[in-house]
Amino acid sequence: MERLISHGHQVVGVFTILDKGTREDPLAKAAQANDIPCFKIKAWRSKGVPLPEILNKYRSVNADLNVLPYCSQFIPMEVINLPRLKSICYHPSLLPRHRGASSINWTLICGDKRAGLSIFWADDGLDTGPILLQEECDVLEEDTVDTLYKRFLYPIGVSAVARAVDMVAAGSAPKVTQSEKGATYDPMLNKPDLQKINFEKTSVELHNFIRGMDSVPGASCQLRLPNNEEFQEALLFGSSLWKGAVPIGREVEIRGTTAGIIHDGGLLLCGSDGDYVNVKRVKVAGRIKNASTLDQQTKQLQLEYTAEEKEQLEEVRDIWEAILSIDIEDDTDFFASGAGSMDVVRLVEEVKDVFKTDLGNEDVFLAPTFSEFIQNVVLKARGAGGSAEIEYRPIELNVNKRKIKFPCQLFVNGEFVDAEQGRTLPTINPATEELICNVQCASVGDVDRAVLAAKKAFEEGEWSKISARERGQLLFKLADLMQQNKEELATIESIDSGAVYTLALKTHIGMSIETWRYFAGWADKIQGSTIPVSHARPNRNLSFTKREPIGVCGLVTPWNYPLMMLSWKMAACLAAGNTVVIKPAQVSPLTALKFAELSAKAGIPPGVINVVPGKGSEAGNALAHHPLVRKLGFTGSTEVGQVIMKSCAESNLKKVSLELGGKSPLIIFSDCDLDKAVRLGMQSVFFNKGENCIAAGRLFVEDAVHDEFIRRVVAETKKIAIGDPLSKATSHGPQNHLAHLNKLLEYVQIGIREGAKLQHGGRRLNRTGYFFEPTILSNVEDHMYVAKEESFGPIMIISRFNNGDLDGVLKRANATEFGLASGIFTKDISKALRFAEKIEAGTVFINTYNKTDVAAPFGGFKQSGFGKDLGQEALNEYLKTKCVTVEY
């Protein structure tokens, strides 16, 4: 109408159908908006005879031309022929083919290669009048009724009708008689018998029929779901030809054909030629479901909307009300309220403007009620996840004066699930030696499922479609949720790993949150560079690099900082755009599983993060060997790191970063602040019960202060408050697990046997729990076991060195295959900087120790591994560089 008016034509009246309830036809609304008389007609005739009162209304507008953009009523010839210029009509097919009301459907059902529209002069036949003009387009393999309308029939149809009116007004409109050659009249598809699928057809014919019935009325069949006794009527939508190998799936019985196969991508149907058609959506029992979840119970999510989302929700409610012309309740069904295909298109386009997110028609079909629709839109706007309450079998405990709740299952593809073999591993509280819970133990098959989910999320999921900035926003939201739940996370970390609660709150959890925020800020700042190259004269060249995510990454993390080690690696991994499968430590998996729950609430899409607790020899080994994992990050012992590196090389030469063992030297000169050296020297060894990868594994103390240092450090060590890690008065908790405690006891005995002097500790405390008394060994010589091997516990190893002998002590400090961290205490800046230059370690502390920061790169040399956590350099571990050269 607007197009005709803008072309200078006068629209003298609009005749349309009655309102459906309170819903007004769009043409009537357009007439009202343009101040044009509008007549809503129930019928034009009765018993084959025109109704005089209706004819009189029509005559009153005195039209020169009738324009019938689409006829849903029978218009009498007395009306068709009355105007001076007669009547023209729009038809959505290339007449004379597919005359009739279901012409678009039949174009697809018949497998036509070309589709189109016709403007013809109306006569007393049915779509048989002379042709004024036609437009045509190719029919694509993936086309449906909706896509043909949206891509061609609607936009080109509007311009074609306006152009036809221009030609009529100018006296140049042709009248080409329709040929009867190739003419067809196809029945209207409003009868159930015509909607049934004939499974004797080939796969191409099945595809054409199903897409020809999409989205109205739907291709029907009868199927019986597992655990159902009766067959049910079902309508199938979203067809495509299946061109890959037939996947393993679940069978569903379909009447009249072989069983269908439900799989991750939909429902496969077999044609008579043995080839397959894939269906994306199924309507059964009045509800449309993704075909891939046809045999699963729909889970109702509970979202908490933000203030901004609540405002947007009301805007969408207004859109629904404008389209349906009714009051919208949460359970209002879009289609049951009279909406049609064009209403779906309008709804999608208008809601896109509100939420600034991609939507498709299927978002309406799969969620036809208002509450379902708005929930799905919010989830998409959040990155396809959303703040949803995720279902799992919870472990609930009253601990630390609070109620805590956490999962004990695997986390795969956005859901908590049991291991395929149902095996579990016990998780013990090291402070009480009591069972916390049994955690599902991942098998090789479970790891494979997780990797496949991560691969699909990386290649096809929302994670691959959202922008880097949106990715960063999701990571910021995850950090916010961790902050909101930090006390619960710290409590879980404490009971699971033995960490002192106050330390867990500040470091284990606090630094984890800082890490996520730091890398969230990096997500949209990863960029390449332009490279000046020699030109290929007379042409010129431009070379530039792109920094791209690697793909599926595997992470294997240790038990000393369960959540922090996860965060150090995973935050950089996700900021770079990868997806991940992590195997947390067998003995301390609980905060990783709680983190998985929070990630789902934050809106991280399914498959992006997968958590598979289990044994290193099984689940960890499966990750290292998996051919679809392109990067592996590992923190643990050097011995296991060597095995992992070999596995990565032999499997698919996957990229690997290793943070391994340490024997970090700390050198104390007599010119230092001795009080500070004692205090930080103790922290360098006893921090986090000595279960610290950069712990000072050996202290070298200058002769001049050696005895005084020992005296002071023994006195201060005796004051350490050992006890319940949940008590705020405690500063030293239990060792992580029994096997480790026994290893520490043996380590001390080896040192004593070799001649070291036990200054303090060295025993298990006589109380429940894996409590080991902080220990000091002096008189340690370079050849001793304790001088060379890492204890990974609260055992201070003290050796003396000659006064002023920097070169000598440097040589002794470097006489190890480890090179993770190091430290020096001195007031002589030259001495300190010479030490920093010559020491073979990835981290150097001067007059401090354990001072790590999320912005500072962390990683070792030699057999302490390679690759970096933290800082900008950590991103390099999870990116690949692509060089592109253009000639112009």
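Placed from the backbone N, Cα and C atoms, the Cβ positions cover glycine too.
What you are looking at is a predicted structure, and each value in this text was computed from that prediction instead of being measured.
Listed features, source TrEMBL:
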{"type": "ACT_SITE", "residues": "His91", "note": "active site, proton donor"}
{"type": "ACT_SITE", "residues": "Glu659", "note": "active site, proton acceptor"}
{"type": "ACT_SITE", "residues": "Glu659", "note": "active site"}
{"type": "ACT_SITE", "residues": "Cys693", "note": "active site, proton donor"}
{"type": "BINDING", "residues": "Gln73, Phe74, Ile75, Asp127", "note": "(6R)-10-formyltetrahydrofolate binding site"}
{"type": "BINDING", "residues": "Lys583, Pro584, Ala585, Gln586, Gly636, Ser637, Lys743, Glu790, Ser791, Phe792", "note": "NADP(+) binding site"}
{"type": "DOMAIN", "residues": "307-381", "note": "domain 'Carrier'"}
{"type": "SITE", "residues": "Asp127", "note": "site 'Essential for catalytic activity'"}
- Item | Helix-strand-coil residue split for the domain 'Carrier' (307-381), DSSP-based | 50 helix, 2 strand, 23 coil
- Message: Going by Cα-Cα distance, which of the recorded positions (Ala585, Glu659, Cys693, Ser791) sits nearest to Asp127 ((6R)-10-formyltetrahydrofolate binding site)?
- Response: Ala585
- Using a 10 Å cut-off, grab the number of neighbouring Cβ atoms around the Cβ of Cys693 (active site, proton donor), all chains included. 24
- Hey, what's the Cβ neighbour count for Phe74 ((6R)-10-formyltetrahydrofolate binding site) at 10 Å? 10
- Restricting attention to the domain 'Carrier' (307-381), give the mean pLDDT. 84
- List nothing but the one residue from Gln73, Ser791 whose Cβ has the fewest other Cβ atoms within 10 Å; the candidates are the binding-site residues. Gln73
- Message: If you count other C-beta atoms within 10 angstroms, which of the recorded positions Asp127, Glu659 is the most crowded?
- Response: Glu659
- Could you say which of the binding-site residues Ile75, Ala585 has its Cβ with the most other Cβ atoms inside 10 Å? Ala585
- Looking only at His91, Lys583, Lys743, which of these recorded positions has the biggest number of Cβ atoms within 10 Å around its Cβ? Lys583
- Item | Alpha-carbon distance [His91 (active site, proton donor); Phe74 ((6R)-10-formyltetrahydrofolate binding site)] in Å | 14
- Have a look around Gly636 (NADP(+) binding site) and count the other CB atoms within 10 A of its CB, chains all included. 23
